[in-house]
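Asker: Here TrEMBL flags 336-348 as compositional bias 'Basic and acidic residues'. Annotation source TrEMBL lists region 'Disordered' at 336-362. Annotation comment: TrEMBL describes 45-63, 83-105, 112-134, 140-163, 175-195, 207-229, 241-260, 306-326 as transmembrane segment.
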Amino acid sequence: MQTNFLSQQFNAGFLAENSTACPANATICDGTSCVLPEDNFNQTLSVVLSTVLTIMLALVMFSMGCNVEIKNFLGHIKRPWGIFVGFLCQFGIMPLTAFLLSLAFDILPIQAVVVLIMGCCPGGTASNVIAYWVDGDMDLSISMTTCSTLIAMGMMPLCLFIYTKMWTDADAIVLPYNSIGLSLVALVVPVSVGIFVNHKWPSKAKIILKVGSIMGAVLIVLIAVVGGILYKGSWVITPKLWIIGTIFPAAGYTLGFFLARVAGLSWNRCRTVSLETGMQNTQLCSTIVQLSFTPEQLELMFTFPLIYSIFQLLFALLILGGYRLYRRHHIKTKTDAEKTAQTEDSKSGAKINGGFVSDEMK
């Protein structure tokens with residue numbers, strides 16, 4: 001009798017494990033994919049990892065601030081030609097690109113909305129780390145990230161109102177102003193401390209910067225891995241979203257660089273604007289999506305922010321690798337005369353933009 005009972009239990013467990021049906025606690029089930037409620041273990045793990053990642057991010061932004069000079073930073077704020085170009089890219093190019101991609105691929109309205117939310121988000125802090133590795137203008141990068149996060153409080157509702165009218169009511173989208181505010185504080189405070197350290201102890205700031213840049217590279221990869229591990233949704237989504245998630249960041253990088261060059265910015269600022277345009281705050285997008293839609297709607301598009309995050313990182317690494325190869329080759333083949341000419345050009349070129357006047361064309 002006991003043997004039969006154990007056999008029945010084993011068979012039931014085997015069938016349950018090999019069945020295509022979703023578990024009983026699934027909030028959504030269509031036979032091929034499920035969305036499960038977060039268990040206690042994942043909730044605890046999420047809190048611990050979020051705390052660790054927040055501390056690491058603050059340290060990384062502190063180290064990035066150690067590469068910023070007060071004079072140059074204030075110069076960008078007072079005469080914001082570079083910031084203005086970045087603003088056009090961030091809240092002009094990206095929402096319009098999201099809108100055109102949604103129309104071109106004829107995706108579902110709810111999917112078009114999440115693509116547009118991604119396009120309307122401000123730049124992410126990962127762009128500051130990559131900008132450092134590609135010899136970008138760190139003063140411009142930090143000021144662009146700060147200003148885009150601050151301006152997002154007004155520009156995100158406006159852009160969503162303009163572009164989502166044909167698909168949904170913009171009032172249905174909940175903007176987490178507290179999260180945007182926290183992102184701003186988490187950026188401004190450690191960067192400000194880093195700027196002060198660089199001003200008072202420049203030699204120590206260089207050491208901190210080297211350590212922080214390596215930590216930043218590790219942090220970017222770690223965030224991507226953690227996002228994949230903790231994600232509790234279905235990866236079975238339409239291939240169209242995968243394609244858009246691939247094209248969108250690539251278009252952001254390319255169009256941002258092109259507009260910056262047309263605006264007359266120098267090469268290092270073009271690279272900076274390109275990265276600030278293509279690298280979005282995907283964590284903010286995920287928060288907005290979770291607050292705004294039902295579990296049934298989330299199944300159709302919740303994976304998109306993670307897809308975008310993966311491809312924006314891949315393309316950023318390709319840009320970094322390409323630049324490093326070019327730089328190595330350029331330094332090896334450059335003659336002494338060319339080096340001297342470049343030094344003279346850098347001395348004569350304006351380090352700080354003179355108001356709404358374009359940079360030197362090289």
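The backbone N, Cα and C atoms fix where each Cβ goes, glycine too.
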Asker: Should anything in the same chain at least six residues away from the transmembrane segment (140-163) have a Cβ under 8 Å from its Cβ atoms, list it; otherwise answer none.
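Answerer: Non-local partners: 64-65, 68, 73, 76-77, 80, 82-83, 86-87, 90-91, 95-96, 98-99, 116-117, 119-125, 127-128, 131-132, 170, 173, 175, 177, 180-181, 183-184, 187-188, 191, 269, 272-273, 275-276, 281.
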Asker: Looking only at residues six or more beyond either end of the transmembrane segment (83-105), which have a C-beta under 8 A from one in the stretch?
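Answerer: Distal contacts: 76-77, 111-112, 115-116, 118-120, 122-123, 140, 143-144, 147-148, 151-152, 155, 159, 162-163, 167, 240, 243-244, 247-248, 251-252, 255-256, 259-260, 263, 265, 273, 276-277, 280, 356.
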Asker: Would you mind listing the long-range same-chain contacts of the transmembrane segment (112-134), meaning Cβ under 8 Å and 6+ residues beyond its ends?
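Answerer: Same-chain contacts beyond the ends: 57, 60-61, 64, 67, 86, 90-91, 94-99, 101-102, 141-142, 144-145, 148-149, 151-152, 155-156, 159-160, 163-164, 167-168, 173, 180, 183, 187, 209, 213, 216-217, 219-220, 223, 241, 244, 248, 271-272, 275-285, 288-289, 301-302, 304-305, 308, 313, 316, 319-320, 323-324.
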Asker: Apart from its near flanks, which chain residues at least 6 from the ends of the transmembrane segment (175-195) lie with a Cβ under 8 angstroms of it?
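Answerer: Contacts of the transmembrane segment (175-195) (Cβ under 8 Å, skipping residues fewer than 6 from its ends): 54, 57-59, 61-70, 73, 122, 125, 142, 145-146, 149-150, 152-153, 156-157, 205, 208, 281, 284, 287-288, 291.
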